[in-house]
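Record features (TrEMBL):
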- 47-509: domain 'Major facilitator superfamily (MFS) profile' (DOMAIN)
- 55-74: transmembrane segment (TRANSMEM)
- 94-115: transmembrane segment (TRANSMEM)
- 124-141: transmembrane segment (TRANSMEM)
- 147-168: transmembrane segment (TRANSMEM)
- 180-199: transmembrane segment (TRANSMEM)
- 205-226: transmembrane segment (TRANSMEM)
- 305-324: transmembrane segment (TRANSMEM)
- 344-362: transmembrane segment (TRANSMEM)
- 374-394: transmembrane segment (TRANSMEM)
- 418-442: transmembrane segment (TRANSMEM)
- 454-475: transmembrane segment (TRANSMEM)
- 487-505: transmembrane segment (TRANSMEM)
Amino acid sequence: MMGKTAYTINGTGATVQDEKKARHTMEEKHQQQHHEVSTFRRILPQILASTAKNFLLLDLGMAVAFPTIVIPALRGIKNRAPDEFLHFSPQEASWFGSIAYICQPVGSVLSGIILEPLGRKRSMILVNIPHIIGWFMLHFAGSLEEMYTAAILLGLGVGFMEAPIVTYVGEICQPSIRGILTSCAGVAVMLGFFMVYLLGTVTTWRTTAAICAAIPIATMIAICFVPETPMWLLSKHRPEDAQKSLQWLRGWVSPKAVEQEFQEMKRYSANSAKCATCQKTDATTCQHPPLTEWMKLKELTRKRNLRPFVLVMLFFVFGQLSGLTGMRPYLVQIFQAYGVPLDANWATVSTGLLGLMANIVCMLSIKFVGKRKLALMSMTVTALSCIGLSIYAFNSLPEGWTSFDIHTDTSHVSSKGYIPMVLFFMLAFFTSVGVLPVPWILLSEVFPFRNRSLACGITAALHYVMSFVTTKTYFNLESSLSLPGVILFYGVMGLIGTFFVYFFLPETEKRTLEDIELYFSDNKRKMTDIHIPRRHKDVESVAVVSVLAEKEKEKHGIDNTAFTEGDK
């Protein structure tokens, strides 16, 4: 007997007449919604809600970029204020450039645990408090210990941001614009990079920290005006509030305009709340006690969670080792070591501007090109850029030349200095086109709803552990392998990452969250089978399967193996 899917809608064996009637009813409802408001009005509130969330990412970008302007100033390489009394040794600089990353995992795991009881909106408001404290501590820092403490606070805040940000945008957006609005996150992060690089060039790092403190304050105000996600409200048994939220997000419309989507969302939420046993048996209600935290962690070990986790985590690893992340805190001194024909500070500002432009390109093109092609192209170019930089350094830089020395000899600078500058700019641009933003976009899509918060938090935590390892070991790698050697290592890892993307990364663009969940739930599917079936058309619904699509699945014997074989 064919197993029931976890998302079966009541009623089987429909006649052709039933199907025609269902199709006619659905079309009428969608036409009613479309006639009530324009397309622009339906999309506008989702843009506004995403923009308020993006203020958090602007602050995140500033926090990650801040060591890039502090390290050269406190090492006496660039922009050291006459009255500055603090000083970094190379080892102290490597700790300041990486310490925030090792604290971010703690914040990420906590965010995954706290996110469910507090909700996405409250979490996004509270996360600003450690950042406000951290920025003011940096402005008034009187010792290295205070700077490290401030960096820890910023790191905890950044980690805590990840789960609410990722889950919020994934749950409020319609599938047709989810990719674009999710990719806006990268634009906000790179805008934060660019602003810090620019401020660090025209003023001191202490003044920059004071200016940055205004962003989390503005963020708290902005998020107060956006709604909580309907999915979270439904999970807390608040259907009236959930419907009002959906009305707001779909263009401030009447309840009738969102009736069908809301009913489908309620069904999806009800199924997600059931335990695995009740999902398998397609029970109407679940009488089993709620999952404990230990049971939720155990649930993460199931294949439908492990497969997307491995995919996104490996993408993060190859992205971290593709070059720019490890070098970012030391960009100013690396530009100086290469002898580029542009002031090192302004060259760093240029990388921030190029990253911002690249994220805009990603946002505008992702719907048409797809995440897979963007990732494949960008990973390839970043790998070739690093290999090119390494070849140039081996042939042009003096032996034993490192970026951690204060260089006064410029005899190595030649008319060919534009070559490494162009390669660095290519590395910065294509890293931000696909290598960095795509895995974060995937993170908002690939996990099942019932485990999404915790899974996103844990994945983000491990990502930051990798970020810490990458940035903290850069000094050691350069000391051991030489400047061209460490960049060659990044290039080789980028090439391996290119093959990984080609063979294992599926295309999730224009697929609903449920299409993606069903793909990863199919235990018979090989990892190299990267096609996600589109089981129903995108009719401006959120993670749901229409009546006709469900009956079509039953007609052809398509079974949801996530809740049959996967839970044995």
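Note: Cβ is positioned from N, Cα and C throughout, glycine not excepted.
Below 8 angstroms of C-beta separation, residues 63-64, 67, 70-71, 88, 123, 127, 144, 147-148, 151-152, 154-164, 167, 293, 329-330, 453-458, 460-465, 467-468, 471-472, 474-475 of the same chain, each at least six residues beyond the ends of the transmembrane segment (94-115), sit close to that stretch. Of the recorded ranges 147-168, 305-324, 454-475, 487-505, the transmembrane segment (124-141) has the largest number of C-beta contacts under 8 angstroms with 147-168. Highest Cβ pair count under 8 Å relative to the transmembrane segment (147-168), across stretches 55-74, 180-199, 487-505: 55-74. Touching of the transmembrane segment (454-475) and the transmembrane segment (180-199) is ruled out by the presence of fewer than three CB pairs under 8 A, sequence neighbours closer than 6 excluded.
Of the ranges 55-74, 180-199, 374-394, 418-442, the one with the most Cβ pairs under 8 Å to the transmembrane segment (487-505) is 374-394.
When each of 55-74, 180-199, 205-226, 374-394, 418-442 is checked for Cβ pairs under 8 Å to the transmembrane segment (305-324), 418-442 comes out on top. Counting residues 6+ beyond its ends, the transmembrane segment (180-199) has Cβ neighbours under 8 Å at 46-47, 50-51, 53-55, 57-66, 68-69, 165, 169-170, 173, 207-208, 211-212, 345, 348-349, 351-353, 355-356, 358-360, 362-364, 366-367, 432, 436-437, 440-441, 444-445 in the same chain.
Under 8 Å from some Cβ of the transmembrane segment (205-226) lie the Cβ atoms of residues 48-49, 51-53, 55-56, 58-59, 62-63, 66, 69-70, 73, 79, 81, 121, 124-125, 128-129, 131-132, 135-136, 138-139, 141, 196, 199, all in the same chain and six or more residues away from its ends. Long-range Cβ contacts of the transmembrane segment (418-442) within its own chain (Cβ-Cβ under 8 Å, at least 6 residues beyond either end) map to 166, 179, 182-183, 185-186, 189-190, 308, 311-312, 315-316, 319, 322-324, 335, 338-342, 347, 350-352, 354-359, 361-362, 366, 371, 374-379, 381-382, 385-386, 388-389, 392-393, 463, 497, 508. The predicted model assigns the domain 'Major facilitator superfamily (MFS) profile' (47-509) a mean pLDDT of 86.
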